[in-house]
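Noted in TrEMBL for the protein shown:
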DOMAIN    3-184  domain 'FAD-binding PCMH-type'
ACT_SITE  ARG160  active site
ACT_SITE  SER229  active site, proton donor
ACT_SITE  GLU326  active site
Amino acid sequence: MTAYSINNTFAVDADASQLILWPEQAHLFDREKAFLIAGSGSNLLFVDSCFDGQVILSGNQTFRLSETSEHYVVELGAGLNWHQTIIRLLDLGIYGLENLALIPGTVGAAPVQNIGAYGVEFSDFCYQVDVIDLSATEKQTSCDGTAFTLSNEECQFGYRDSVFKHKLKQRYLIHQVTLHLTKNWQANLNYAPLNQLNLDASAKQIFDLVCQVRTQKLPDPNEIPNAGSFFKNPIISTAEAEKLKQSDPNLPVYPILDSDQVKVAAGYLIDKTGLKGFQLGQAAIHDKQALVIVNNAKADGKQIAELAKYVRLQVFQQYGIWLEPEVRFIRAQGEVDAVAFLDALDY
Ligand SMILES: Cc1cc2nc3c(=O)[nH]c(=O)nc-3n(C[C@H](O)[C@H](O)[C@H](O)COP(=O)(O)OP(=O)(O)OC[C@H]3O[C@@H](n4cnc5c(N)ncnc54)[C@H](O)[C@@H]3O)c2cc1C
């Protein structure tokens, strides 16, 4: 049987039995068979080197603009490249997304983990998300999946989280998103190093600085395969953080508005365990950015997972905090809970 290679920025081998571009090749879709929805694979780890089923990719390249008195209304197809879309909007004088520049991936994946960077999240601009329920009918093959729309509230956005990671996981193909970008744009310079810019900085200046900083800080997946931040920043109680700060006064913590919890910088925790540059097989902790696991040569997904398990253990032993992967783990049968997978992994 022919195997199709699934793109992923970890550059690990990952085969599927079928790749289907939706809606162009929807007639090939077989609802009776397993399927995985993917974008450009920048947040996926294929731990079995394959997915035994069909991989669905959005081919929707819609780019439509309209406006109200207050907003630009931007309808974007899920198959568009996120970064290129930001450039296109900037060129049209439509601002707001510049802090999210250079995040790899597609527009369709942006709501799934509510992508965020430099004090801004996708949910800040999302008006609605159009989805197609791929399991909607009992028909064996069909291209008329049931479509419906979710409001911002219905998407249940949180920190790297949304309803698409829970109730609507791996069943609903995001087909299109609608953003509201205010005409009364104001720079968001709250987050370092953007706070070094003048208060009257333009969106283009912010975009340029974000690109510059990200290029310096993060390895380019085209040169050194990786999936960006491997772990989420853990959220702990303020009391727990106070206790940790007694033994490590430099521990970076970020208060969470209206709560008695704080976010801790996962990269700092890993760095403090001395793991920067640490290599296990062909997988390694990046030598400049401890939050990033890289594939140095021919690591497979399992080796990368083994290193992730080791990192979790080291951080737990030093800080009593279990890190949780931000990256999604895909086995031959489909997505699995990453923490449960790592707990059960022998190495
Ligand atoms: C170098 C680097 C830097 C990064 N920096 C950041 C960052 O700053 N902030 C951040 O938030 N993320 C960051 N990421 C993670 C990644 O870029 C985002 O998660 C991105 O949104 C993934 O897009 P993708 O198209 O590659 O999705 P994939 O990795 O292919 O898929 C991710 C998830 O989305 C689902 N999905 C994808 N498309 C659809 C769709 N159309 N409908 C329904 N579900 C879908 C998949 O099933 C999967 O669960 C970074 C990654 C890299 C490699």
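Backbone N, Cα and C define each Cβ position, glycine as well.
Shown on the structure are the features that TrEMBL records.
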residue	record	CB count, 10 Å
ARG160	active site	18
SER229	active site, proton donor	20
GLU326	active site	18
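Rounded to a whole value, the Cα-Cα separation of ARG160 (active site) and the residue listed as 'active site, proton donor' is 11 Å.
As a whole-number mean, the pLDDT of the domain 'FAD-binding PCMH-type' (3-184) in this prediction is 93.
You'll find the Cα of SER229 (active site, proton donor) roughly 7 Å from the Cα of GLU326 (active site).
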